[in-house]
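Enquirer: Got these off TrEMBL a minute ago, pasting:
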- 403-425: compositional bias 'Acidic residues' (COMPBIAS)
- 983-993: compositional bias 'Acidic residues' (COMPBIAS)
- 1-101: domain 'C2' (DOMAIN)
- 144-275: domain 'C2' (DOMAIN)
- 649-776: domain 'C2' (DOMAIN)
- 821-950: domain 'C2' (DOMAIN)
- 1117-1238: domain 'C2' (DOMAIN)
- 1354-1505: domain 'C2' (DOMAIN)
- 396-432: region 'Disordered' (REGION)
- 969-993: region 'Disordered' (REGION)
- 1601-1621: transmembrane segment (TRANSMEM)
Amino acid sequence: MNPSPQVSITIIEARQLVGLNMDPMVCVEVGEEKKYTSMKESTNCPYYNEVGLNSDSFSPLDFQVIHSKNLLRSGTLVGSFKMDVGTVYTQPEHQFYHKWAILSDPEDLTAGLKGYLKCDIAVVGKGDTIKTPHKANETDEDDIEGNLLLPDGVPPERQWARFYIKIYRAEGLPRMNTSIMANVKKAFIGDNKDLVDPYVQVVFAGQKGKTSIQKSSYEPLWNEQIIFTEMFPPLCKRIKIQIRDSDKVNDVAIGTHFIDLRKISNEGDKGFLPTFGPAWVNMYGSTRNYTLMDEHQELNEGLGEGVSFRARLLMSLAVEILDTSNPEINKSPHCPLESLSSDTNCTGKMEEFFLFGAFLEATMIDRKIGDKPINFEVTIGNYGNQIDGMTKPILRRKKEGGDGDEEESELLQNSSEDEGDEDGELVSVSSSQPVKPLVTDRNYFHLPYFEKKPCIYIKSWWQDQRRRLYNANIMDKIADKLVSVCWGGRETAQDMGHTQAPCASPQLLTKQGQTENMGQQATTLRSQVKKNTMKDKLKLVQNFLQKLRFLADEPQHTIPDIFIWMMSNNKRIAYARVPSKDILYSIVDEEMGKDCAKVKTIFLKLPGKRGFGSAGWTVQAKMEMYLWLGLNKQRKDFLSGLPCGFEEKKTARAVSLPPSLAEKQVFQLRAHMYQARSLFAADSSGLSDPFARVFFISQSQCTEVLNETLCPTWDQLLVFDNVELYGEAHEMRDDPPIIVIEIYDQDTVGKADFMGRTFAKPVVKMSDEDYCPPRFPPQLEYYQIYRGNSTAGDLLAAFELLQVPAGQNLPPIDGPTDMDRGPILPVPLGIRPVLSKYRVEILFWGLRDLKRVNLAQVDRPRVDIECAGKGVQSALIQNYKKNPNFSTLVKWFEVDLPENELLHPPLNIRVVDCRAFGRYTLVGSHAVRFCLLRCFTHHLCTSRGISLSSDPSSSLAVLPLSLQTEEEKEKKKKKKKGGGGGGEEEVEEEEPDESMLDWWSKYFASIETMKEVGVCRKGVCRGEEENFVSCLQGLTYFQLLPKAWGWAAFLANLVFNKELETEFDNFEDWLHTFNLLRGKIGDNDDNATEEERIVGRFKGSMCVYKVPLPDDITKEPGYDPNFGMFQGIPSNDPINVLVRVYIVRATDLHPADINGKADPYIAIKLGKTDIKDKENYISKQLNPVFGKSFDIEATFPMESMLTVAVYDWDLVGTDDLIGETKIDLENRYYSKHRATCGVSQYGYNTWRDPMKPSQILSKLCKEGKVDGPHFGPGGRVKVANRVFTGPTEIEDENELVETDEHLALTVLRHWDDIPRAGCKLVPEHVETRPLLNPDKPGIEQGRLEMWVDMFPMDMPAPGPAIDISPRKPKKYELRVIVWNTDEVILEDDDYFTGEKSSDIFVRGWLKGQQEDKQDTDVHYHSLTGEGNFNWRYIFPFDYLMAEERIVISKKESMFSWDETEYKIPARLTLQVWDADHFSADDFLGAIELDLNRFPRGAKTSKQCSLEMVTNEAELPMVSIFKQKRVKGWWPFFPAQLCFLQGKVEAELHLLTAEEAEKSPAGLARNEPDPLEKPNRPDTSFIWFLNPLKSIKYLICTRYKWLIIKIVLALLLIVMVALFLYSMPGYMVKKLLGA
């Protein structure tokens, strides 16, 4: 089996995590493996950039963000995210790169999202390579909504849903426990119970659910439901349903079924949620023979194709989208499941089915089986299974008229197989009679099924769900028609409309809708096909095909598949599995299964693990079978498709079909075996000794063995006489039996090795037809040879089957007469290809990297070239170590090749080592396909202008130059200044000083161009340069470049986000590299060992053409007949070269240390030079910037392979290789693309090449035999028939100098426009090369940005290397003044009065410098949420302008060896807190400002709102690095972003370190430049320091009116009391008149 793929995960950062002041970490879980990132303190936006894990598990991925986990606490879950590995694998490039995953909490459904997590996930299968996109400034990735980690078509707003999986009951379980144990138990206890305790387990999206266990039951009844809660649509596409047997020791799987949610749902307008059943699902797994150990147990777990029926389960699935506003939602629903009332209503009516099979032929039975009698068993479900017995459900019904028929099924053991049915018909017979096999040849047996063909009958009872299978068959047929016609859009479109859906199941209705829709599309598509749109439309049709095949796969098929087992001596040997829908009968032709009532060839294979690898490639048996499955009431038609002349003969035990003898036909088969190509290497030499074996019916013949070749030309006719076939003549003609051709490798000792197999059908000629065109003689055809699942070459052959007429002769075999090959017949004249004379020219350049052969070094190698029996040998290399190049460059030979180019044999390259005493040893070989040879030839001819139409534009064409004149630039500049922003005050940006500009300015400018302008990266599309230039105006970096550079300078330094080789065809414009292979191809997986088989490389080229050549070429001036087509080839003598390697930076390195980081340094190897830059390793960095150049002197060809490696520095032990990249410098050096030194912009950065542009141009013209260059007045230059224009004056130290160099440079940059000799020249560039590690093939370990310059030593020395050393970060100081706060939430209650208040202070820090937190003083007892501070923070920091990152160097821990450099985004965090004296301070809210891009502050507190943060897209953004000083109000908010927690008025002031020194300022309110004390209102005090004042404020302010009321009331009461007191006395006085 293929090793499971690797999953690699990188966690970058999280944003908007819900919670207050948290310490988050991320846990990634795949299967059993868990990996934690480091913990980040007190932040809701942690930045990790750590590699999660590399796993090879297939479980779902689970990302969890956990808050404050430590040794004692397990931490609380903030949110999680789940996804299938398969979902990642179906993405383009098998990866999500820099995408944001939405976190949610499955426990709390009402809450919304819990934050975002940015990560990379990649899945690498065997042989895959992961291409990471080019890493530049990630500005656009801050757009979270636009970069969500979701596959296409999944909405970002996913809802919670409940998945209800209802499990009703199961049937037909195998008797699990072994018969021995059962017998022992029975003997002791006398117990005859069912020996299986089943339960159902459902796994979905990492969650597991189980039903209860039904003790000892073969037909368990559960009626239970399992409920999962998951986001919808889910990112896990499969639900795994497993019936398991509960056991005290360990539970065993009985059978497994996977439901693909995509097949049971539809997302269209008329779509529906996943809906399934209630329906029966069939489970398949290992064979039902009861032994102690089951060798195929993993088949029951769902791994691999099941080889036998295990059980069937009645279940259903429904999905409900939850309404999260409902408060009851978190309570899990409990509802009892009523049992399904009646089978008929939900799963279809129980019907009796009849399966008929006839074995017409059984050949190619592997001789390893032995010659014991062989028989075949056919089963459908449990019917026909000899071990568990035949079963028939007995239907017990209620009284007629009773509603809802009860149906129960009982297991009935038929008393005897001979017992008749009530109709007096035969009872089921499920296996053929054992027959002793006969020998075909040394590898195979066959069974003597001549006169009588054995048959099987099986009756079975299933719910009638044929309609679903019929629809699947209709769609399959449409798809097959689409494939065969490919453009039969009309017919197909009509067919698509025919699907009928009688029952209202959502799947069927949607399938109908989708097919109708596709039908309309197909009709329109048919009308739109034109010659130029052909390719695109073909792609669309392939899409249709995939859709149709997807729709045709019916998830709810009730009738199980049919298994055919071959048994020898009652042992199961090999099997075949036939889907029931393929042989299902219907009276409507479209609905009938494609193999129903047809004779089908079936190959049996080994079960389970035994079928993998080389054992599985040999055919176990080849069967010709006739199968028919339908309702018992339709069985009158079951023999309709048999070859005529067969009749049914009933016997007591078995059924056979004797043919009526009149229908026996005698044929002769002629197999014309011409040649094979690209065969499998089966010997250790890397070659094979192939022969072919042809099988037809029960005869076989072999071709001769050809030694040591992978491309044998047998040219042999094999004649099979007296081939007897049964059946009617016209059927034979239309559908003859299949021919099997197997290719073997002959070994001197032991058995021949199997190399591959292919199938063919012969062209049939009946005795009454003439042997004449168009059908005869047959044409040679290529047949693809397969070995297992991989291709292993092609066979060129033709086959004809001729009926032997009574008393007449067959057509004669007229072979070529000039051959004397004894008994071997050559292929006849009419069939063998017509030959012409061709000349093959070979350029022998040299051999490279030859490995040892049989432990001896290769010393005197030679190359032999062979094609179609002719060939040529190179000169002998006398001393491979001293000079591996050949002394004679060009040789040729003439050979007869077929006129039809498709039939050309490959050209074989072999390298032999000439040892002492005339011995030769084969080193390695390579076969070149002829289509490649044609490409090489075409390439050569084009470059020399042969046989191509003359250049149409021979008139002079004037090409404008992309350099602009100074006036145009001035205009542009003015225009830009004039058209400023309206309404907003325009920020005056400073022009950068030209001295600040360096190589890196240009580099980052190029990267930004690459990202922001969707420019065709092959350089600028000519003619659109004006638009392009105006498009560049807005770029940030562009504004950093001095105007004098011109736009072209800006474009000159291209950053290729791939290797230079891919851009320039591997630099194989005339020199090609051929890998020499040796050794067997590995059997575990054929592509695994391709790299290991390479033993060296041959450099050279080939050219094939018909002779004679036209005169105009041979008469050309300077034509050297010795060089043929290879004119103007440079000499291949050794040459000394200065190689200058520039290493810019590495990105995404694979971590090599336990902490998820690496300490990388560069190592360079070229020939004997080995440079290790170990001292300058970069500590704990996965994206190191090296910025170094290395000079190496080398001699080509001995030292031409440059290896640049990145190693991880270790304090103890050896350094680990992270990855390396290899560059073939020789191909670059000799290439016409001139890859020695990129053509740069003349002037800036200095011209690196020792030759000036005008010298290079003259040299190119001379080499390409091009007329020119002719410099004329007015800045014109003529080359060939093209005229180029451009400036001739350049500014040099403020004076104008006349020069032609700019003009010459223009021509060089447009050199690919020159006819014949022109080609694209390599520009000044940086290339990005993947780093690979031989221990981890196929997985990129990172990427390296670099370039190489080469200068020949016999030329003048080049100048000094460009300085690309990394920029030092610039020192800045950020001064933040917190003036005031407003509307801060009031947190505390007053002890005495219950008054709400807060003791406010503000805390601030720069991200990554948490230890340098700074707090204001406390504004005590704010009653309104207003706080006054006038407090200054000062944050010094180092900043890289180009990368927009702050650089921090600090030791990771006290044990760290050295400081680690971190680059983190520049973000300022401000938090507002409530100070408490005795408990911890309370966190109230925060805001994080990205200093490069943050919302402009509001002018007043009233204008400040949450929208400033939530509505970022519409608001103006500012950068402190451009603005320098910003003041305003910003909102404080909690992580949820749901409400405002306060506002802060702050002022940000950015100064460079020099400016800060000149105008210093003090921290807080200190000198120098002190801030005045805040004018805080009197309310902010402490009551126990000033009790009177506090009483005045606390009592007077709150209870003033109350006190006045109380005083008035008291006065009133006193008055009343006085009145009442004095009233009696007063009254008495009055009365008495005193």
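Just so it is clear, glycine is given a Cβ too, placed from its N, Cα and C backbone atoms.
Looking at the shown structure, can you explain where the listed features end up?
Expert: Residue counts for the domain 'C2' (1-101) under DSSP (helix as H, G, I; strand as E, B; rest coil) come to 8 helix, 52 strand, 41 coil.
According to DSSP, the domain 'C2' (144-275) comprises 18 helix, 56 strand, 58 coil.
Per-class residue totals from DSSP over the domain 'C2' (649-776), listed helix then strand then coil: 9 helix, 63 strand, 56 coil.
For the domain 'C2' (1354-1505), the mean pLDDT of the prediction comes to 87.
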Enquirer: Test the contact criterion for the domain 'C2' (1117-1238) and the domain 'C2' (144-275): 3 or more CB pairs under 8 Å, pairs 6 or more apart in sequence, then answer yes or no.
Expert: no
Enquirer: What is the three-state DSSP composition of the domain 'C2' (821-950), stated as helix, strand and coil residue counts?
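Expert: Summed over the domain 'C2' (821-950), the classes give 21 helix, 55 strand, 54 coil.
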